[in-house]
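**Student:** Quick paste from TrEMBL:
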| type | residues | note |
| --- | --- | --- |
| ACT_SITE | CYS79 | active site |
| ACT_SITE | CYS79 | active site, proton donor |
| ACT_SITE | CYS210 | active site, proton acceptor |
| BINDING | ASN14, ASN70, GLY80, ASN81, ASN151, ASN183, GLU201, ARG202, GLY211, THR212 | substrate binding site |
Amino acid sequence: MPDYPFLKGHGTENDFVLLPDHDGSVHGDLSPDEMAQRVRALCDRRAGIGGDGVLRVVREDGGWFMDYRNSDGSVSEMCGNGIRVFARHLVDEGLVDGSAPIPVGTRDGLKTLTVDGDLITADMGTPRVLGETTVAVPGHAWVARHVDMGNPHAVAFVDSLDDAGHLLDPPEHDPATYPEGVNVEFVVRRGDRHVAMRVHERGSGETRSCGTGACAAMVAAAVADGLGPGSAYRVDVPGGTLTVTWTEDDRVLLTGPAVIVARGTTSL
Ligand SMILES: N[C@@H](CCC[C@H](N)C(=O)O)C(=O)O
């Protein structure tokens, strides 16, 4: 297998392997099974590079497209931290003008990013606040809020983040509500418009941060607080702090750091 280029980056310690594949000639001809196998090998934290997911950097219709994969090789519609790392890569490499809004295509449609020094903001679009559902881990069960951020989330407000336990297995959830699986956020209050969370990500397990999850947690908290569009929350995650703003015109903006930490080649 010939070597091919990769980069490694993270946003609040949600970490990704980036695969530049502008014209699709490096990975684009792999079958779905072969691609999933490559993603698992790259994300392996002992035998590979290590990551919560893979961002394939593709040029499409004259723009950029983020082909996101979870560490188990499954595909997701959207990744809020990943797209901010993706934008950092484009700016670092001079592939886009970082002083202007950066459009990036995803399976959840076109997103726009803006860079302000160390911070990158992703316009995540309009959230869908859906009904209540149930999630459970051994010894605990909660009524959770179903929030769709392009990908599916269940947000449970808990007394203590420790109540979520070791999170080695996916939390139990309603398969009728989430036929494709779900990302589950466990959220506590830290103060006025300030929450903290842990997350179990579909396809990746417990991670140190989840951008779409932080947005879902913020939206659920704002709704529970009798707020809505026109509010902003600080969301602490194990890997750092994100700011989530729900704008008056019903869009959710995700702001936080995004860095590239390594570049190299691999044959994995
Ligand atoms: N870490 C991501 C979310 C990645 C996708 C998720 N695991 C899913 O399957 O929907 C984020 O920062 O949003």
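Counting begins at 1 with the first residue displayed.
A Cβ is built for glycine as well, from the same backbone N, Cα and C atoms used for every other residue.
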**Student:** In whole Å, note down how far the CA of ASN14 (substrate binding site) lies from the CA of the residue listed as 'active site, proton acceptor'.
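**Tutor:** For the residue listed as 'active site, proton acceptor' versus ASN14 (substrate binding site), the Cα atoms are 7 Å apart.
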**Student:** What span in Å does the substrate site cover, taken as the longest CA to CA distance among ASN14, ASN70, GLY80, ASN81, ASN151, ASN183, GLU201, ARG202, GLY211, THR212?
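**Tutor:** Taking every pair of listed residues, the largest Cα separation comes to 17 Å.
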**Student:** Can you name the residues of this chain that are 6 or more positions from ASN14 (substrate binding site) yet have a C-beta less than 8 Å from its C-beta?
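**Tutor:** Listed in sequence order: ASP52, ASN81, GLY82, THR207, ARG208, SER209, CYS210, GLY211, GLY239.
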**Student:** Three-state secondary structure of ASN151 (substrate binding site) from DSSP?
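**Tutor:** The residue in question, ASN151 (substrate binding site), is coil (DSSP, three-state).
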**Student:** Tell me, how many other CB atoms lie within 10 A of the CB of CYS210 (active site, proton acceptor), whichever protein chain they belong to?
**Tutor:** 36
**Student:** GLY211 (substrate binding site) has how many other Cβ neighbours within 10 Å of its own Cβ?
**Tutor:** 29
**Student:** Residues near the substrate site, ASN14, ASN70, GLY80, ASN81, ASN151, ASN183, GLU201, ARG202, GLY211, THR212 excluded, by Cβ within 8 Å of the Cβ center?
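**Tutor:** Along the chain, the qualifying residues are GLY53, SER76, MET78, CYS79, GLY82, VAL199, SER204, THR207, CYS210, GLY213.
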**Student:** Please work out the number of neighbouring Cβ atoms within 10 Å of the Cβ of the residue listed as 'active site', leaving out its own Cβ.
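**Tutor:** Neighbour count, Cβ to Cβ under the 10 Å cut-off: 31.
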**Student:** Quick one: pull the CA-CA distance for the residue listed as 'active site' versus GLU201 (substrate binding site), whole Å only.
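**Tutor:** Computed Cα spacing between the residue listed as 'active site' and GLU201 (substrate binding site) is 11 Å.
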**Student:** State the three-class DSSP label for CYS79 (active site), counting H, G and I as helix, E and B as strand, and everything else as coil.
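**Tutor:** CYS79 (active site) sits in coil per DSSP, no helix or strand.
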**Student:** Return the residues near GLY80 (substrate binding site), defined as same-chain residues 6+ apart in sequence whose C-beta is under 8 angstroms from its C-beta, sorted by sequence, else 'none'.
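**Tutor:** For GLY80 (substrate binding site), the qualifying residues are ALA122, MET124, MET149, CYS210, GLY211, THR212, GLY213, ALA214, CYS215, LEU254.
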